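**Q** Copying in the features that TrEMBL gives for the protein in this structure:
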- 1-11: compositional bias 'Basic and acidic residues' (COMPBIAS)
- 12-28: compositional bias 'Low complexity' (COMPBIAS)
- 84-472: domain 'Major facilitator superfamily (MFS) profile' (DOMAIN)
- 1-52: region 'Disordered' (REGION)
- 84-101: transmembrane segment (TRANSMEM)
- 121-141: transmembrane segment (TRANSMEM)
- 153-172: transmembrane segment (TRANSMEM)
- 178-198: transmembrane segment (TRANSMEM)
- 210-229: transmembrane segment (TRANSMEM)
- 241-261: transmembrane segment (TRANSMEM)
- 282-305: transmembrane segment (TRANSMEM)
- 317-338: transmembrane segment (TRANSMEM)
- 345-369: transmembrane segment (TRANSMEM)
- 375-393: transmembrane segment (TRANSMEM)
- 414-433: transmembrane segment (TRANSMEM)
- 445-465: transmembrane segment (TRANSMEM)
Amino acid sequence: MRESVYEETEKSSASSSPDLTPTPSSWSEKSIREPLDEEIAETPRPQSLDLERTPTNVLNRIASHVTTHSLAEPGPPPDGGTRAWLQCAMAWLVVFASWGYCNSFGTFQTYYTQSLGETPATISWIGSIQVWVLFFLGTFAGRAMDAGYFRPTFAVGAIFQLVGIFMTSISTKYWQLFLAQGVCTGIGSGILFTPSMALLSTYFSSHKGIAVALATTGNSAGGALYPLIARQLLAQIGFGWTMRVLGLINMIFLVTAGLVMKPRLPPRKSGPLIDFAAFKEIEYMLLSIGLCFHMSSLYFTNWYIASYGRDMLGLSYANSIILLIVLNGVGIPARVLVGYIADRYLGALNTLIPVLLYVNVLAFCWMGVTSQTSLYVFVSFYGLGLAAFQSLIPTTVARMTKDISKVGTRMGMVFTFLSFASLVGPPIGGALLSADKGAYLYAQAWSGASAAVGTSLVLAARVYAFGWTKVKC
């Protein structure tokens, strides 16, 4: 299709003015300087052809000619090999620095509650706005990648994130932390994440699930390493220098990834920012809304699990941070396993549904956790489901996008939907804590119910698209 359009463009240009657009081989300094006045005087031509002689029009034709031959079809994805797996490794660094850092906010949720004297619901807005901005910018950043602006987009995202982290290191008030860690860092992470995952998905076909799963292990690794670093350094060098150390780690990772990652597909210059055709696909909307319900439940648990251990079960601050390390660390093998299962046996959507059911059951089980030992057991099992769920989102969206050139836009749209779920989920849970006078029962029940609705909607998306037939999808 693309080649035929280009051929028609060339034929149209050639037929409209065959003598006025020189080929590159015929250019010479003499021919370029030679005036055309005498030729025009000797051979009268219509005014329309005189207008076609303007330098702007000639340059436009030259640019069109060059663009036609430079946007050749890239061929099928390599689906492996050094170049493809190198992109996977670089995507891992990006996920580590963006989502890994974001998922470690539970560390700061507990620390800020103690040091600033604000309520947990108020503090959770910092983490919620960070995730919201990260997801919300997915539509814009994904479309920029499709349009061929991956590198400048990546550079802007890295600058925003690093500025946000280093400004957090000198913040002492709530509003300063909200702007630096919540807004600025979230903007940077959002601009970085979606294009990187969309780019990675264009390098793989049959191994797309395992590639994305491996890249998203950076989420679990970062979510475990950042709290560990904070736990060790906060007491030794203070909050400011701890944040600067985290910023230095991210700087090294992002500079490396920015230099190595390379788009494979030619730019898709035309097309809207939002693919409105997606809203007419019932299965796409059911999937998106279902993921939103699950996301609101997930981030409430992620943000508040450390506070639950400290407030309800008497854990120290240092030991409550270990909960976050376990929660994120156990997810590394789970991400790889579900990616392998999705590629080899079931497909991304078929793998996602039992994972959602597993997380749903555990969300209700949280109400039965009444001791420190049972809390560690719960966190270990919940971390497996959390990681599997997160790793399957990009793969599922990419697999359900028929036109691979729109994968960045479609993925960005889903992440924008999820942004609102992550924005309201933790504050809703915090408000229910206040309504229950500090007890967690209301919030835990809401979390389980929200996950149940999400599971049902994603299952409905699968049935609508493929029925109850046994098909890999």
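Glycine is no exception: its Cβ is also placed from the backbone N, Cα and C atoms.
Remember, predicted model here, so these are calculated numbers, not experimental data.
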**Q** Could you tell me what the rest of the chain brings near the transmembrane segment (153-172), counting residues at least six beyond its ends with Cβ under 8 Å?
**A** 97-98, 101, 141, 144-145, 179-181, 183-192, 195-196, 239-244, 246-247, 250-251, 254-255, 257-258, 261
**Q** Within the same chain, where does the transmembrane segment (317-338) have neighbours whose Cβ lies under 8 angstroms from its own Cβ atoms, ignoring anything closer than 6 residues to its ends? I mean 6 or more beyond.
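**A** Long-range Cβ neighbours of the transmembrane segment (317-338): 100, 103-104, 106-107, 110-111, 114, 209-210, 213-214, 216-217, 219-224, 227-228, 230-231, 302, 305-307, 309-310, 351, 355, 375-376, 379-380, 382-388, 390-392.
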**Q** Which of 84-101, 121-141, 178-198, 445-465 has the most Cβ pairs closer than 8 Å to the transmembrane segment (210-229)?
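**A** Per the Cβ count, the answer is 84-101.
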**Q** At a Cβ cut-off of 8 Å, and with pairs 6 or more apart in sequence only, do we get at least 3 pairs between the transmembrane segment (282-305) and the transmembrane segment (121-141), yes or no?
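**A** Between the transmembrane segment (121-141) and the transmembrane segment (282-305), which are separate recorded stretches, there is contact, as judged by 3 or more close Cβ pairs.
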**Q** Of the listed stretches (84-101, 121-141, 241-261, 345-369, 375-393), which one yields the highest count of Cβ-Cβ distances below 8 Å with the transmembrane segment (178-198)?
**A** 121-141
**Q** For the transmembrane segment (414-433), which stretch among 84-101, 121-141, 241-261, 445-465 has the most Cβ pairs under 8 A?
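**A** The listed stretch sharing the most Cβ pairs with the transmembrane segment (414-433) is 121-141.
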**Q** Can you name the far-off residues of the same chain, 6+ from the ends of the transmembrane segment (241-261), with a Cβ under 8 Å from a Cβ of it?
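**A** Beyond its ends, the transmembrane segment (241-261) has Cβ neighbours at 86-87, 90-91, 93-94, 96-97, 101, 150-151, 154-155, 158, 161-162, 165-166, 168-169, 192, 196, 199, 226, 229-230, 233-234.
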**Q** With pairs closer than 6 in sequence left out, are the transmembrane segment (84-101) and the transmembrane segment (345-369) joined by 3 or more CB pairs under 8 Å?
**A** no
